[in-house]
Structure formats: C-alpha cells, structure tokens
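Single-structure report; data block below.
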Amino acid sequence: MKNKEVIVNNYLNLENTYIKLPKKLFSEQNPSEVKSAKLEVFNESLASDLGLSEEFLQSDDGVAFFAGNKILEGTVPIAQAYAGHQFGHFTMLGDGRAILIGELKSQNGERFDIQLKGAGRTPYSRGGDGKATLGPMLREYIISEGMYGLGIPTTRSLAVVSTGEDVMREEILQGAVLTRIAKSHIRVGTFQFVSNWGTVEELKALADYTLNRHFKKAEYEGNPYIYLLNEVIKSQAKLISKWQLVGFIHGVMNTDNVTISGETIDYGPCAFMDVYDPDTVFSSIDIKGRYAYGNQPKIGAWNLARFAETLLPLLDKNLEVAVEIAQNSISKYSDLYNKYWYTGMRAKLGIFNEEEEDKKLIQSLLTIMKRFKSDYTNTFRNLTLGNLSDIDVFTSEEFKTWYELWKERLTRQDQSSEESNKLMKKNNPTVIPRNYRVEEALVAAVKDNDYCVMQRLLDVLKDPYDYSNMNEYYSTLPKSTSCAYKTYCGT
C-alpha cells in the first residue's frame, strides 16, 4: 500500500474498530491522489452536529483530507468486502470505489463512519476505475440531505470536492469525491459475504461487533442473535414505511444496499414520485419493475429473509430449529410494516386513534388519486391546507364522497380539528426533492459552476414541513409527466 502524506491529527479523533474483525472482511487501502482538489460543497450543519472543526475541514489540509490526498495521523483506511443479491442474482461485491477513512464519536457518544466515495480503485473494483463524477455526487448530497429533512434515517453527506480530473463514462465528466457519514456501512451483504466465504467463528465475530455497535441492549436478551434479527426486521419495516409515506423510490434495493443500522444508503437511481402510481419506476436498469414503488415493502421482506439465512448457524445449533426461528421472525415483518405504514397514513389524514375502517378510507383515497393521476405530495399538502379547488381529483364525485367520509371520521376522535391539522402538517411535507428541481440544481452547478440554485434548494429542504414559509416554486409540478424521468446508477 502506497504511503500517503499524513496530517498531524489535532482536529479529529478518529479510530477504526472494524479492523479488529477477521482480515477477510476488509482490505487496507489508501485513497488515490487527485490532481487538483477543490471544495465544492460543505455541510456546516452536519459538521457542527458531529463536533468537527469547521475551520480545519475548510482549510487546505481539510480539503486534501476530503479528496484523499492526505490522511490523518494514526488512521488505517480500508475498503470493505461484502456480497449481495443484485436484482435477485447473488454475486461477490465490496467497496469498488469507496474507502472507509475511520470512525468518529459525536458529542453525544454516537459512532459514525467517515467514508470517501470515488476515492480510487480497491481490490474490489472489478475492473472499474474507482472514480466518481461531480453530478452524481452532488445528487447524493442533495437527496440525502432532503431525506434527513423529511425525518427519514439516512446516510449523510459532509462534503463534495471536485478533483480536477476527467472521468470517462459515456462522455468525459468532471471527477469528484463525496464524504459520506453513516452509523456504519455494515450491510445484509456483509453478512452474506461471511456466510458464503467465511467460518461460523467469523460470522459470530461480525454479529458480535454489530450487536456491540448498534444493539447493545442485546446484552440483556436470551439469544442475542435472535434479537439482532428481530431488530433489523423492525428497523427495515419502519424505514421502508417512511419511504412509502413520502413517495420515495430507492431504485436499487439489492441486499448490499440494506444497512443493518436501518439507514437509507446508495442514492444512485432513486427518485421521488410525482403522479401517484404504485408501478412507478425511474431506474433505467429496472426494466421489469422489480423495485417499483409498490413493490418496495415486499422486496424488503425478501431481503430480510436473505439476512435471516446468514444467521442460521447462530440462531440454534439444530438447523431445523434455526429455520423455524428465522421463519417466525420474518413472518412478523408484514404486520410490522403495515402497522408503521397505516399509522403514518392516519397521521397524514389527521387521524389519531385507530379504527378498522381506516384501512378502507386510506385505500379509497389512493385509488382515487391513481385514477386521476394526482400528484402524491401535493394531494396531501392541499388536503392539509384545505385548498381543494381547480384540481381534477378534488372536483370529482368520487373524491367528494370520500371527503365526507373523512370529515365524519375526524369527528370520532377526542382531538379538535386544529389538533388534527397540526398532525397533518407534521406528516405532509410542503416540498420534496422533486426530480426536475434536483436536475435544475445539478445543471447549474456542474455546467455553469453556479451553486446558488443548489443552495436555495437545500435551504428549502431543511424544513419541508414548515407551512409558515412555503415556497410555491418548489411545489409546482413539472410540465411533462414524471414517467419520462429516468435515473442512472451514477453514485
């Protein structure tokens, strides 16, 4: 491994506990040097939350750190090994262009990974160049910060630097490196890698590390690995329900993109739904619609079943008993997901208490929205505002009938109409990272070196539930339908 210029570490107290795991789980790998690093965007709010020195990170040494040109004294950068089912097909993977620089502890004691994405080739690059380009890195920055604003667990972006290098794709593009912050980068695919190419002892080491890092309560449970499985099932059910509630379509729900921490990761072909349609797909490579909006909950169950399979040797020494335990845990996913999703949908309609008829009320509204090609976000936004004029869906007889049933439903709870409206405002965003507004910001930044458009969008996305300061510009719909919008795995 080539030696790197070292920054005497007076600013960040980084360590790397992951290297205490079996060696086959990672490869020591320094980032590649880049030609001319320039800090394009820096997340001051995130840096402050993490207790990091903004002065250092924006200095020449800080920019060199973000680019991978210099490493901090005492750190051991690594690329992580993992496998995964990609569109249902199992394969060996690993960090092909991402390098874990180290871990830091925030001011409240939480541990976070610092990873450089686009930092050069690794032993897992599989013929790739290990590089990333500016547009997709800025896109991940925008979407991940938008998700954070929406209250959805997510990896975050600390900075994007341009590299001054050309990167060859279908055309020549500007190179870039993104600094990603995550509670960890342990994936379902990490467990699949050890399950297929490791020993039971190595699997146990990974599971114990994961428990210690994310689920310390497991120290007090009977079988901690059953607890681990159940907690991951719970966190994924909750995460995917949150995606569905805001119309987020991940686009590439492969098992290597399922984090054990329950954070959203990998924003390559993701997008937000405009017109409500469960069959909505944006990813250019998802030809059969495997990861369509309406399929995401059941794909979540499929991915979790793959995770459960990896844990079988730890669930019980008797394989039949272990399988029964795993099946019992996985069988709870559907009810968990439905509980989280229906609770969220009730909140979007200002409903506090639960009634069995609520499910029919919710599904009826979605059916009407689909029929009239209603915008998902703005339908709930306008319901919240009571703005029901001049929109086809609201003037239809079907909606008027539904509306009376909804209003009658609201009378069957103790809370006032004002309290119901407050609940709706907390759960129905006025803005989302609309696909065409994101593209608008990227074009200005990448082609014109104008980051003002991106910054204005980021400012709006910081508080998408703020009804006191709505920006109509970011709520307007694209002139053409969202069906024409396609995303690519650039990140």
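Keep in mind that glycine also has a Cβ here, set from the backbone N, Cα and C atoms.
Record note: Swiss-Prot gives Gly94, Gly96, Arg97, Lys117, Asp129, Gly130, Arg180, Arg187 as ATP-binding, and the candidate from Asp49, Asp60, Asp266, Asp274 in that site is Asp266. Summary: among the binding-site residues (Arg97, Arg180), the fewest other C-beta atoms within 10 A of the C-beta are counted at Arg97. Arg180 (ATP binding site) is 16 Å away from Asp256 (active site, proton acceptor) when you measure Cα to Cα. For Asn257 (Mg(2+) binding site), applying a Cβ distance below 8 Å and a minimum sequence separation of six or more within one chain yields Gly84, Arg187, Gly189, His250, Ile265, Asp266.
The Cβ of Asp129 (ATP binding site) lies under 8 Å from the Cβ of Arg97, Arg121, Val167, Met168, each on the same chain and at least six residues away in sequence. Following the DSSP three-state reduction, the secondary structure of Asp256 (active site, proton acceptor) is helix. Of all residue pairs in Gly94, Gly96, Arg97, Lys117, Asp129, Gly130, Arg180, Arg187, Asp266, the annotated binders of ATP, the farthest apart have Cα atoms separated by 23 Å.
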